[in-house]
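To start, the structure itself, in structure tokens.
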Amino acid sequence: MAQQEDQLKYVISHAKEYGYIFPSSDIYDGLSATYDYGQNGVLLKNNIKEYWWKSMIQLHENIVGIDAAIFMHPTTWKASGHIDAFNDPMIDNKDSKKRYRADVLVEDHIAKIEAKIEKEITKAAKRFGDEFDAEMFKKTNPRVQRYLIEINEISSRLAKSLTDNDLADVKLLIEELGIADPVSGSKNWTDVRQFNLMFGTQLGSVAEQSQTLYLRPETAQGIFVNFLNVQRTGRMKVPFGIAQIGKAFRNEIVARQFIFRMREFEQMEMQFFVTPGTELEAYEAWKQKRMQWHLNLGLGEANYRFHNHEKLAHYANAAADIEFNFPFGFKELEGIHSRTDFDLRQHEQHSGKKLQYFDPEQQKNYIPYVIETSIGLDRMFLAVFSSALKNEELEDGSERVVLKIPAALAPIKAAILPLIKKDGLPELAHQILNDLKFDFNIEFDEKDSIGKRYRRHDAIGTPFCITIDHDSLENQTVTVRDRDSMSQERISIENLRSYLSKRVSLNALLKNLE
Ligand code: ATP
């Protein structure tokens with residue numbers, strides 16, 4: 001645990017030091033769960049957006065994008081169920097005065113039992129050596145079996161009491177499991193209460209006529225209310241999708257995990273409309289497609305896993321999360337949900353407008369079913385950033401900090417470094433920069449020794465350093481140093497563009513998806 005906290009602290013301080021993420025309103029000591037993206041952060045974020053957007057819009061003939069307003073008609077949230085049911089169960093510790101999400105306390109307890117299972121497996125693996133079969137061991141070892149039954153019982157009970165809105169039972173479960181406040185160790189809990197996560201605000205300046213508006217807690221509803229507009233004007237045929245990237249707001253009860261859980265964040269969502277009856281096939285296909293999108297970045301297969309939901313929302317007939325191994329363990333990065341026709345049907349009822357599709361093949365009208373893929377842009381940022389940050393020991397015994405961000409996502413693609421500040425080297429460096437700047441984001445850097453500049457760009461995550469030396473003036477070649485292997489090669493200046501293109505362009509990454 002302490003190690004995980006240290007790792008997260010390290011990520012946070014590196015993100016601040018290298019211009020990726022600052023606490024919001026830093027000079028006023030920040031605002032909890034709100035962050036600003038700095039000069040490098042905004043570039044990484046935009047590159048992630050572009051990777052997602054193009055993979056959806058450009059690579060699919062039947063997916064289009066929109067950008068809906070953050071404010072929506074208040075009835076939207078009645079129809080979607082957010083006014084009545086967008087709640088999290090909260091509980092306070094009477095001694096420490098700390099507030100927690102009751103379900104998260106129970107989930108953390110389950111994670112501790114899972115950790116015990118992992119420990120048993122590691123121990124056994126050592127004992128049995130090469131012959132060890134972890135799956136078989138899990139199935140047959142009595143102690144592991146007991147742990148698994150315990151986990152199952154706790155999850156089912158939590159799922160049932162949350163579905164039944166039986167908050168007294170959630171509290172009883174916390175007491176029966178002996179869960180203590182992680183900060184103070186106290187078990188002196190208040191009752192569990194529901195807390196609505198939407199931020200409300202007033203529209204209009206005259207108090208009597210004002211209307212409560214909500215800052216959208218998800219971007220999806222902007223897509224549903226535009227279903228007909230897009231279908232008709234785009235002459236879209238089912239199956240088709242609508243994608244959107246935008247801000248969402250949730251008044252989270254606890255937000256202590258850096259940009260993992262913020263009160264203002266960004267979502268990248270796509271709603272895919274299909275013929276009723278074909279939704280589970282489409283759901284499976286999107287699960288695989290989304291996982292492929294992640295694996296394509298090369299952050300390591302072992303960092304991802306699916307978590308299939310046991311407790312389904314009342315409108316869903318299948319749901320799974322893609323979880324990522326964050327500095328604080330495996331947590332949800334993206335959700336893939338089969339939402340039936342719930343949303344369109346609700347909006348049809350509340351608006352009185354028909355939200356149906358005429359299927360020319362079946363010669364009939366129906367409300368399409370929906371598969372949703374929903375990923376938090378900030379969580380994706382954290383996944384890329386935290387898994388890329390490495391402390392490497394080098395052959396000569398020295399250490400380096402390096403941010404191995406996939407080159408196509410890196411904020412700065414290359415740094416141009418004149419070896420010294422005279423003899424015409426800075427001028428040649430600027431000439432090269434001015435030629436390449438239309439294709440790549442490149443930084444000119446002449447301060448400090450070359451070694452220090454390499455280290456600085458390792459820490460920023462710049463995939464290539466291009467060094468200009470005296471030979472460059474003679475033979476029009478430069479040294480290109482690779483961030484990850486630290487190997488260097490001599491490249492002619494006229495080949496630089498194609499050399500970089502092959503290695504840093506988003507196109508190559510996108511082509512891999514096909
Ligand atoms: P969690 O269980 O972690 O609260 P959720 O299931 O409520 O998440 P969804 O409503 O499915 O999340 O939202 C879709 C995606 O939006 C999530 O997978 C996550 O990546 C992102 N997301 C949700 N809440 C936040 C938040 N407070 N801060 C940052 N990203 C978020």
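Quick reminder: no glycine exception, Cβ is built from N, Cα and C everywhere.
Because TrEMBL annotations are produced automatically, they should be read as predictions rather than curated entries.
Quick look at what TrEMBL annotates:
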type: BINDING; residues: Arg101, Glu218, Phe265, Glu266, Gln267, Met268, Glu269, Glu372, Thr373, Ser374, Ile375, Gly376; note: substrate binding site
type: DOMAIN; residues: 116-418; note: domain 'Aminoacyl-transfer RNA synthetases class-II family profile'
type: BINDING; residues: 250-252, 260-265, 332-333, 376-379; note: ATP binding site
Of Phe265, Gln267, Glu269, the binding-site residues with C-beta less than 6 Å from an atom of ligand 1, in sequence order, are Phe265, Gln267
Across all protein chains shown, the binding-site residues Gln267, Thr373 give the max Cβ-within-10 Å count at Thr373
Taking only the Cα atoms, work out how far Leu377 (ATP binding site) lies from Arg101 (substrate binding site), in Å, as a whole number.
23
Return only the integer: C-alpha distance in Å from Glu252 (ATP binding site) to Arg101 (substrate binding site).
9
Are there any residues at least 6 positions away along the chain from Arg379 (ATP binding site) with a Cβ closer than 8 Å to its Cβ? List them or say none.
Ile259, Phe260, Phe324, Glu332, Leu333, Glu334
DSSP secondary structure for Arg261 (ATP binding site), reduced to helix/strand/coil, please.
coil
Three-class DSSP assignment, Arg379 (ATP binding site), comes back as helix
Arg250 (ATP binding site) and Ile375 (substrate binding site), Cα-Cα, nearest whole angstrom
15
Nearest to Arg250 (ATP binding site) by Cα, among Phe265, Gln267, Thr373 (binding-site residues)?
Phe265
If we check Cα distances from Arg263 (ATP binding site), which of the binding-site residues Arg101, Glu269, Thr373 wins as closest?
Arg101
Would you mind reading off the Cα separation of Arg261 (ATP binding site) from Thr373 (substrate binding site), to the nearest angstrom?
18
